[in-house]
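Pulled from TrEMBL:
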ACT_SITE  72  active site, proton acceptor
BINDING   73, 76, 78, 80, 82, 94  Ca(2+) 1 binding site
BINDING   168  substrate binding site
BINDING   198  heme b binding site
BINDING   199, 251, 254, 259  Ca(2+) 2 binding site
DISULFID  41-121  disulfide bond
DISULFID  74-79  disulfide bond
DISULFID  127-332  disulfide bond
DISULFID  205-237  disulfide bond
DOMAIN    31-336  domain 'Plant heme peroxidase family profile'
SIGNAL    1-28  signal peptide
SITE      68  site 'Transition state stabilizer'
Ligand code: HEM
Ligand SMILES: *[C@@H]1O[C@H](CO)[C@@H](O)[C@H](O)[C@H]1NC(C)=O
Ligand SMILES: *[C@@H]1O[C@H](CO)[C@@H](O)[C@H](O)[C@H]1NC(C)=O
């Protein structure tokens, strides 16, 4: 008795919801939300998680590479999957822009996720959403915070090579970096927290070689770099090979664990990239607003995790295409038409 009373209204509610979703989809009105695919592709979370878990066994760096892809996607034309497009005709892929060329990776994992989702629910899940979900799951699998990923982005139909060329660079001054973030609505706390993504992943010697031998053309090493760490890095990254692609861990103490030791490194003058250390040590007062945040995150992993999750949600909201704008790409590397 209790069961039949309980289930009937539930079934009615469910039908109503399904109907709403169908109508909303047809009119392209469905608002973005964490439950966007609950009816149209209920396996989306499990599928993305499974593929990343498999990729991670083969390559411990995979979660880091996927997290970075979402960042590089959102900062160029908003989170629209534009970073995933290959060269096509006159359209120049963002993948070849200097900040990505020989450096952005994980595209094969995205292809595997997309293929699995096209199999389970064809034409439903956008490539932009795959990147947003993959970023969250990558952080969670690495021991970091979790958050509800808002879904319902649609894919852009063009790449922006010039935009990608302006992505934040490791040699940009902290003032310019803060500007690049604030232009997108990300404040100093977001800026410092998001760079905490460098708690996982690797960087190539060529991207910090100048710090070891010739910072700003001075023929001196970067004075803000700990001496022992400097000598350690010089062993792997010789002066004679400024273009070396040899990899170093961005967070040597715990290279694949998402934690706050990245900030502890900076406090000890052991930030790997000039942009990392600059948040604390940039000269002339340039780090006045960011330094206290670095110190706070070094002292509290909870603070870092909360701020990181908040900032990731903000970053994930940048200029998303919704409604009838854009499309749901069938193959993340090419637009559907043309
Ligand atoms: C000031 C802004 C930033 C600068 C200048 C910057 C720069 C870099 C550089 C130079 C690398 C090494 C790339 C290579 O050697 O191939 C790197 C790696 C990485 N970045 Fe950033 N980054 C910034 C912000 C971010 C943000 C906001 C995220 C994500 C939320 C992020 C996530 C990552 C990850 C996870 C890696 C490792 C990737 C891998 O191992 O494949 N970065 N970043
Ligand atoms: C990308 O890097 C490769 C290898 O270093 C280089 O040959 C190519 O010219 C670069 N592409 C662009 C567009 O700069
Ligand atoms: C040092 O850096 C400057 C400018 O950044 C560059 O012009 C010069 O060639 C470099 N010197 C050496 C020996 O690498």
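Including glycine, each Cβ sits where the backbone N, Cα and C put it.
Not measured: the values here are computed from a predicted model.
Annotated features, which come from TrEMBL, shown on the structure.
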| residue | record | Cβ within 10 Å |
| --- | --- | --- |
| 72 | active site, proton acceptor | 22 |
| 73 | Ca(2+) 1 binding site | 29 |
| 74 | disulfide bond | 28 |
| 76 | Ca(2+) 1 binding site | 27 |
| 78 | Ca(2+) 1 binding site | 19 |
| 80 | Ca(2+) 1 binding site | 30 |
| 121 | disulfide bond | 16 |
| 127 | disulfide bond | 30 |
| 168 | substrate binding site | 19 |
| 199 | Ca(2+) 2 binding site | 28 |
Counting other Cβ atoms within 10 Å, pick out the least crowded of the binding-site residues 82, 254.
254
What is the number of other Cβ atoms found within 10 Å of the Cβ of residue 251 (Ca(2+) 2 binding site)?
27
Under a criterion of Cβ-Cβ distance under 8 Å and sequence separation of at least 6, what residues of the same chain contact residue 259 (Ca(2+) 2 binding site)?
143, 144, 199, 301
Going by DSSP, give the three-state secondary structure for residue 198 (heme b binding site).
helix
Spatially, which candidate from the recorded positions 68, 78, 80, 94 is nearest to residue 168 (substrate binding site), comparing Cα atoms?
68
Have a look at the recorded positions 72, 73, 76, 254 and say which one has the shortest Cα distance to residue 237 (disulfide bond).
254
In sequence order, the recorded positions (94, 198, 205, 251, 254, 332) whose C-alpha falls within 10 A of residue 79 (disulfide bond)
none
Checking the recorded positions 78, 80, 82, 121, which are within 10 Å of residue 127 (disulfide bond) at the Cα level?
80, 82
Nearest by Cα to residue 68 (site 'Transition state stabilizer'), of the binding-site residues 80, 82, 198, 251, 254, is 198
Alpha-carbon spacing, residue 205 (disulfide bond) to residue 251 (Ca(2+) 2 binding site), which is rounded to whole Å:
14
Protein Cβ atoms within 10 Å of residue 332 (disulfide bond), excluding its own
23
Taking 8 Å from the centroid of the Cβ atoms of 199, 251, 254, 259 as the cut-off, which other residues in that chain fall inside it around the Ca(2+) 2 site?
200, 253, 255, 257, 258, 260, 261, 262
